[in-house]
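> Below, the features straight out of Swiss-Prot:
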- 481: active site, proton acceptor (ACT_SITE)
- 480, 484, 503: Zn(2+) binding site (BINDING)
- 692-702: motif 'Nucleolar localization signal' (MOTIF)
- 587: site 'Transition state stabilizer' (SITE)
């Protein structure tokens, strides 16, 4: 694998050799320093046996590809001189200047190899740097490879778990005749294998072991994408230390976290869904198969709130004057990419209700659904304390929740968000059953957040753009992110290129949840869903016209989907393409596929199946064929309408462009549009007539003729009006007044800004400027529209807005805009 891939252009390498050792638990211990914009401290990793030692499922056996292991064995080299350090007195605050000095020629070679240690320390390095000689010096050492990028690793050491008292209560009797190294490995193997009902004791053991002293430094090196660790004289993964501690600090420019200011102008830092995931936050195993639990202690100034994707609502512990410590944990194994942290001066927004009605503290009882227990209480995932086995969790339609935001957004949160949460959570439960996670925090993130929302275990990030206009955009986006609790988190894609398994499901389910949350009658729900399908059809056509064919395929690896190397390493195709984050093909084609299946097989068949699928596959990683095969096998052959896994994969997942079945469906809809779509068409015709006859008398005559439209209808209206070659300033002014466009939600205002730019409506240029500054999650493409207008004033507006926001803009977004402007 080429470790020198261009990080701005190529595929994303997943370097960790998970087939040899698997991280089972992480313990993070970090300090937040807003002055230097770094997180600093240590992380302890507890390992279990890798995938090569485990029996693969039949699905895994079909897709697991073995390659040569030669690239993952390091020939033993003579280490550079390493002065001894007392690990018990090591402080994470120690800078590089407290480490050993070695010759400049060695440092130059280190940098050329891709080391990311700070460049200013030309004559210094970590105490555990070793000289790598590819020549054969005799024995081979096992090399542990972790995914890592833009971290300053200071020290790596083995943890002496054997020094922790009373572990024998939870582990097998120690073999006192065995070597100390072997005893330590045996203790960790026993610890990670404790049963689910001993999770509290296991968590306590992890905590105490993470605080044990070091018992020897390990040799390490790093390149652009990984951290490599070895212990001299240890040739196999089985004998490699199973508990290691890594002292490190992040870098201000690291892409896993964003250091910025919130809407009140106060400093904050948060994980923003980077293409490189969390590897610039902590050394980890990135491949999704590396599912682990974790716990984290984070210290920050007392004025800050620390939020994380943890199972309990952490209460801060006072430390020295002016500082607090926050502790979170999870017991459900998840990929490291799902770890989320946000630190800022957030304020909890509480609904104004009586204590009995306060749904943030109480949950409403619901009759247990027979559907949730038809399939039995046996789960198919690895053992952990699972909510799907709990009768009380099955009846909990509204899980406890909290909302955090800057103080200046309190009014907007109360008006647009707080009252929606119970109905959206309850709607999701009515469709899919047991909530996979026990609680939910919702955070309104800073303006530079690059999307409308992001879901992680126990926490959802929402853009402030969702709080504008009516509750419609906020409700649909909240439903989308809630859906990810099941599809994307509780059930994940085993191959990250199959993004549709997360986004397609969430997009399809958001409409179902939202209709249920509004308690719409079936015919109104159907009308609303047909309207949104029409909108998505327009967007999909635009996406496919403006994207390369290679990025239109939902299963780009085809028959190699799910394949990894012998070590467990792999590559995510287009994972680092900055434009990919702004594409919606996986959302839209995935949505239309699921909609097609639900309509073809019947919703009365599809949604009960989906509930069953969730019950059987939660806590696991899947491929497309796992879902499709179970779906079709649950339906008698004479009711499958000729569908097969092969033709669905071939027509929908492995071909670019628009599937034939979708073309035929949309052609039929064009001939017979739904009522809400017809209503929009009628209004468009009125506006076209107004635009042709702009006289004052005609305007007055038709003033009351325009019907009230929903936000989705207004979006469709504006999209159709964008197809008109010219619209007069008078028509645009009247449009704005009729629908109060500047007060609508961000989706509507985005289309309005497109009209303003296309027709150079100067009176609304300030609204475009405001949108680019306050709605960065949606404004990227407007920069392109401004530039292709070939209007000097509009191009100047684009440059001015970019200058104002680029210092705080998401890096991928800034890169795309830079390419548009320069």
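The backbone N, Cα and C atoms fix where each Cβ goes, glycine too.
Walk me through the surroundings of each of these features.
The Cβ of residue 481 (active site, proton acceptor) has 24 neighbouring Cβ atoms from other residues within 10 Å, across all protein chains displayed.
Under a cutoff of 8 A between CB atoms, and with a sequence separation of 6+ in the same chain, the neighbours of residue 484 (Zn(2+) binding site) are 455, 502, 506.
Here the motif 'Nucleolar localization signal' (692-702) returns a mean pLDDT of 60 for the predicted model.
Under the three-state DSSP scheme, residue 587 (site 'Transition state stabilizer') falls in the helix class. Listed in sequence order, the residues of the same chain lying 6 or more apart from residue 587 (site 'Transition state stabilizer') and placing their CB within less than 8 Å of its CB are 500, 503, 504, 506, 507.
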> For residue 480 (Zn(2+) binding site), what is the tally of other C-beta atoms lying within 10 angstroms of its C-beta?
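I get 25 for this one.
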> Can you tell me how many other Cβ atoms are located within 10 Å of the Cβ belonging to residue 503 (Zn(2+) binding site)?
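Residue 503 (Zn(2+) binding site): 24 neighbouring Cβ atoms within 10 Å.
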> Beyond the listed site residues 480, 484, 503, identify every same-chain residue whose Cβ lies within 8 Å of the center of their Cβ atoms for the Zn(2+) site.
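Leaving out the recorded residues gives 453, 455, 481, 483, 487, 488, 502, 505, 506, 507, 509, 510, 587.
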> Where does residue 484 (Zn(2+) binding site) sit in DSSP terms: helix, strand, or coil?
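Note: residue 484 (Zn(2+) binding site) is coil by DSSP, not helix or strand.
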